[in-house]
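If you look up Swiss-Prot, you'll see D328 marked as active site, nucleophile. Feature annotation from Swiss-Prot assigns active site, proton donor to E357. Marked as Ca(2+) binding site by Swiss-Prot: N147, N152, D153, G172, D174. Taken from Swiss-Prot, the feature substrate binding site covers H247, R326, H423, D424, D468, R472. Residues annotated as site 'Transition state stabilizer' in Swiss-Prot, with similarity to another entry given as evidence: D424.
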Amino acid sequence: MFREAIYHRPKDNYAYACANGELHIRIRTKKDDMKEVTLVYGDTYEFDDNKWTYSTAHMKKTGSDQLFDYWLASVTPRYKRLRYGFIVNDRKDSTCFTEKGFYPEPPVNDISYYFSFPYVNQADIFQAPEWVKDTVWYQIFPERFANGNKDNDPDGTLPWGSREPEIDNFFGGDLEGVIEHIDYLKELGIGGIYFTPIFKAHSNHKYDTIDYMEIDPQFGTKETLKKLIDVCHKNGIKVMLDAVFNHSGVFFPPFQDVVEKGKNSKYQDWFHIREFPLVMEPRPNYDTFGFTSSMPKFKTENPEVKEYLLEVGRYWVREFDIDGWRLDVANEVSHAFWREFRREVKAIKPDLYILGEIWHDSLPWLRGDQFDAVMNYPLSTNIVNLFANQSVSVKEFVENMSHVIHMYPDTVNEAAFNLVGSHDTPRILTQCGEDVERLKQVFVLLLTFIGTPCIYYGDEIGLTGGQDPGCRKCMEWNPDQQNRELLQHVRKLIQLRSENPLLANEGELTFVPPKNEEDPCLAYTKSNEEKTIMIIINKSKNSVEYPLSFDAAEQTVKNLWNQEQLILQNGQTLELKANDFKILEF
């Protein structure tokens, strides 16, 4: 027994409360070390004859990464408090693991040995907006989606799609163009639109904000935005805007005041300026996003800055009824600011979705007091490595994703913003070597996984493009130039997800362990007490026979993709043709 690999902490992703009153308790052990793990638990104050009374619960192995196994038990404490430990059994030995170490038997004379969940306080439970779990998002880069009003085109606007995207060219995309294509999004099955910034700025991407309180004139007016949001809401589509509170653009008036007046500017303490006069090149002598001199970093601990940015957050929720904020470079802004931001905007709209752009382990932001979710780039990376780069095996993918899933509580994973492409990454079809069959498999995984999936505009019709700015092509609206088969594939997957809650966030996800390093089939189940849906993806260019395992000797199975009914025997193999997939319900 490798005791040094056994780990638990009584908080965060290892011990957390759910809205239904359940406590989820996890423990980590060395991979393949334990035969079984049992949870020992009881109320903090219940004793019988001066001995603590406890119950036991079998813990289920919920996944394995390259080094560890993860185990879970769910209990509902009668009095909303719990003391607990673990009995670990490696086939040769059994021992009780507690907060104070290892013991041959569960200690009953002193509960201070045990881990403690002192009380389930409702205010401490992580709860993302319920509607998010059923939402399929669509990311729109407004300058490249559709030109609905040529009167607001900036000078030098190019004919739509006439050239490759460049860092500084414009094609006239605007909010009116989105309004004109709401029917397209509704037919696709989209439930939410994530817009990259629409506030006044000089660039085509608008991340260099000049005025946080104004719509960029090339996109329209505030009235246009109100019309857009109204049309979206009438069609069951949520709207999420993108804000940059880490830094402003260089032409943001307060920063321009500092440029002009130096240390005499009343705004000089709005930014992290190390010395005067300001130096912009080769490296600025003030803090910025990266070393980009045109993006000076806000000092959010300054009360004036904090109030200005908080009012930005409040204003667009209060006056325009937006449904979410996506927060750029969120990890470089203080936790204190985000806690206050959450309180302020949720006071106006409690079910507002707050999404942070963070590329690494994000648990410190996901404790229920800051964000509802972060952009799930670890999932993106693993999907790209499996299907596009083909640099990891199915076994490695399962291990990597098991690690990611167990980094967070299940309640966090359900609201994770899952994506395979964005304005910051090469087009997913390009990364797949323009192999549409591989891209279809990517969409199968994206749209049947836990979390809330997002499609980058045009990926559903096969747009291609390299790294930024190549990934920001104009949307193709000519049906003859769209990959209609791919579009229908994505539509059908979204419809299946909508019709089958298990394909979204109901139930439990479990990976089926690959047979070996060469196994080309990725398989996982989504299950509840009533039924199971199994997704099998053959990423090989050859047909394979996939062995099926059921609890019963014979099982009636429905293929949800083609509605075919099958009667299969336990242990029977199922043929998957090259690049094929199955979505089986039983």
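Cβ coordinates are placed from backbone N, Cα and C, and glycine is handled just like the others.
Ranking the recorded positions D328, D424, D468, R472 by Cα distance from D153 (Ca(2+) binding site) puts R472 first.
A C-beta separation below 8 Å, combined with a sequence spacing of at least six in one chain, links D424 (substrate binding site) to D468, C471. When the Cα atoms are compared, N152 (Ca(2+) binding site) and H247 (substrate binding site) turn out to be 27 Å apart. For R326 (substrate binding site), applying a Cβ distance below 8 Å and a minimum sequence separation of six or more within one chain yields Y194, M240, L241, D242, A243, L355, G356, E357. The 10 Å shell around the Cβ of H247 (substrate binding site) contains 27 further Cβ atoms across the protein chains shown. For the binding-site residues given as H423, R472, the lowest number of other CB atoms within 10 Å of the residue's CB is seen at H423. In the three-state DSSP assignment, the secondary structure recorded for N152 (Ca(2+) binding site) is helix. Ranked by Cβ neighbours within 10 A across all protein chains shown, the binding-site residues N147, N152 are led by N147. Look at N147 (Ca(2+) binding site): DSSP puts it in coil. Nearest by CA distance to G172 (Ca(2+) binding site), out of the binding-site residues H247, H423, R472, is R472. For H247 (substrate binding site), the spatially nearest entry among the recorded positions N147, D174, D328 is D328, judged by CA separation.
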